[in-house]
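Engineer: Shown below is the structure under consideration.
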Amino acid sequence: MISSIHDFFIPILASSSDSDDGGGRGESPPAKRARTSLILDGQSTSSSSSITLAQFFDPHLSMHTHNSNPNSTTINSTSSSTTSTSPNIASSTIASSSTNTNNSSMTANDSSSIVTSFPLATEQSASNGAANNPVVENIEQIDNSSSNAPSSSSLPFCDPERLKQTHKHNCERHLNHHCNGVTNTTQSSKNNGHDETGFNGTTSEKITRLISTSTQTVSVSSSLSNSITCTKTFTNSQKEILRLIGQHLQSAGLNKTVETLIQESGCILEHEHASHFRELIMSAKWSESMIALEKLKTYIEEHDGILQMKYLILEQKYFELIEDSQPMEALHCLRHEIQELRIRTERTHELTKYLMFSSPKEMRSSANWSGKGFVSRQKLMEKLQKFLPPDVMLPPKRLESLLTQAVELQQERCTYHVKPGKLTLDDVTLLKDHVCTNIQILNEHADEVWFCKFSPDGTKLATGSKDGYLHIYDVDLQTYKMKLRKQFDGHSFGIGCIAWCPFSRYVIACGTDECTELWIWDVEREEQRSRMNHTSDDSLTCAAWLPCGQRFVCGGSRGQFYYCDIEGNVIDSWEGVRLQCLHVTTDGVILAADAQKRISSYKFDTLTDQQLIHEDHPIMSFAVSKDGRLALLNIATQGVHLWDLEDKVLVRKYQGVTQGHYVNHATFGGPNEEFVASGSEDSKVYLWHRRQERPIMIFSGHTRTVNCVSWHPTLPLLFASASDDATVRIWSTPEHQQKIESSSGSESS
């Protein structure tokens, strides 16, 4: 027969405390606190305040005994603060001691819980009385009338079955009391001059009492001061997003914000063992980190993952010992720790050479190691994280990685994107999708714009119009903004062709078939350099500079073909060649498209020519690649054709563009001239990859025929288009549009 409550419980508690099967072996102090046993001996001399198990079952006993005998058992416990509001929470959270201490599903693996660990009573509460003990206050609303209840020490007999029923009844009553929100009433009582106040959801601490019936372990969870208890149920995807946000905030040093996020959402960032492991690595506690790594062994999927992780840790330890000028310790680490792993033999042999350097600086440079401290340990942690599943420890910089992938995908979808290399997060705005578009509209012309051309150095843009004006714009190479610099007038027949000299100082302006003269303008001095008018029968519609920048060739549809100097003097001529377009390669070869549907090369010194290309339809214009190998032809009624000038073969016919008998000018562009662009009579700009016949992008914006496209020579993501709608559009990315807007805002302010 059991003579007292102590006789009943002490054997159970002794077996719970002495047994190592419950996970006590090798536990850390927090884990031990999670399975604290209840010492119910009334004669205990412990200096901590206590609550006996019988008192816990009976609130009246709890109050009376706590006041009469403050020196009793300390209850330390770890529990999950569940976010569910259902009264059935008791059945899902009451578990055995071994479950609470060793089964991580009740603690760190529960992504909807916050793991908290704290003592339920302190030495201070023993001296100040129960009124200063918030745990007693919040576990039970105490009335002064309970002060006359008998103490546990005076109970001669206690029926075990009755205790179990009392325990079950109290658990259900208090859990329903909290879960159903019936906590808004306040009860106060005076005790030792202090008020005991019930909580209504906004007090400094909320405590939920959960009792494990198998081993009588008490688990308590608490939220921090002024926290908000989450009542929302999150989906798995929402939890993962919250974890990613928390990880990013943590890497930014916003730890308090992370704590608030965890408290309000109920989501944890990573497994508690993983978090402890991270702390040890960042603190350079190598031996402890090896022990902590063993606790994560079951989560590592790779068969030799644990060895690889140990190797990385010991390698970091080895380097730091060398930097600390401890060569013997480093050698010991290499021989007796790294080598004992028996993996990565070649790397181990390589590590030996770092002991031979005379200075740590040379060692760091040779090993490509950033040195002892946060940076190198953070890099180590990023390598280690790759071996752990994401539900245990998130991969390093996971949110940034996902955003980078999204940006790269947008770049791939923006197949006409012309910036070399891959975009980074710094290249774009995350507030909207990336897409290349026009960033500026130039509308200073009063009539159709027939031609546009960037200068060879990329600092200027020249445009020619039917209105008779040549406009010169300055190009801001940072914002890509065009600013009108000078207007040159006097071209009575309009401007149908523009040619920049190789040094970007002089520009030639040619007219239409009826025009018998051309102009050479000095852009730096903003004046006319010379004017050429050889005969009244001339038709000077095209021109091109020689590489020297002091001579040029020009001609027209009436059979004139002149070789001239910068002053407009004719040095030589070639009669009978009706020219449609001219180009001079970088090595001085003169190429001309004539009315015979062909492109030929010409040498004025020997007056010899050689046919290179012959088409079936008239060649309206052509452009040549920088290496002189490829030619891009606009063919009447056919569109755009790509020819190989060396092999003299047609390489590709680009589809989509509308080409009639009007002059249209296509261009190469982009990195390594991988793209081809052309205007069209359907008011659009077509863009192709050089190796694809179908357009990869069609630019809309112009309202009439697009006559000319010019690609910037040094900025591969910028090009301009001229149209009969009297505008010139500058095309690039939205990011540079933002620069323009911010620049305009600063100028206006």
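Any Cβ shown, glycine's included, is placed from N, Cα and C.
Reproduced below are the annotations present in TrEMBL:
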DOMAIN    270-329  domain 'CTLH'
REGION    14-35  region 'Disordered'
REGION    62-111  region 'Disordered'
REGION    183-203  region 'Disordered'
REPEAT    442-476  repeat 'WD'
REPEAT    488-519  repeat 'WD'
REPEAT    671-698  repeat 'WD'
REPEAT    699-732  repeat 'WD'
Engineer: In the same chain, who gets a Cβ under 8 Å from the repeat 'WD' (699-732) while lying at least 6 residues past its ends?
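Structural biologist: Contacts of the repeat 'WD' (699-732) (Cβ under 8 Å, skipping residues fewer than 6 from its ends): 417-420, 436-443, 445-458, 461, 463, 465, 475, 477, 480, 482, 662-671, 675, 677-687.
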Engineer: Restricting to the repeat 'WD' (442-476), what is the model's mean pLDDT?
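Structural biologist: Averaged over the repeat 'WD' (442-476), the predicted model reaches a pLDDT of 95.
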Engineer: Please list the DSSP helix, strand and coil residue counts for the repeat 'WD' (671-698).
Structural biologist: 3 helix, 12 strand, 13 coil
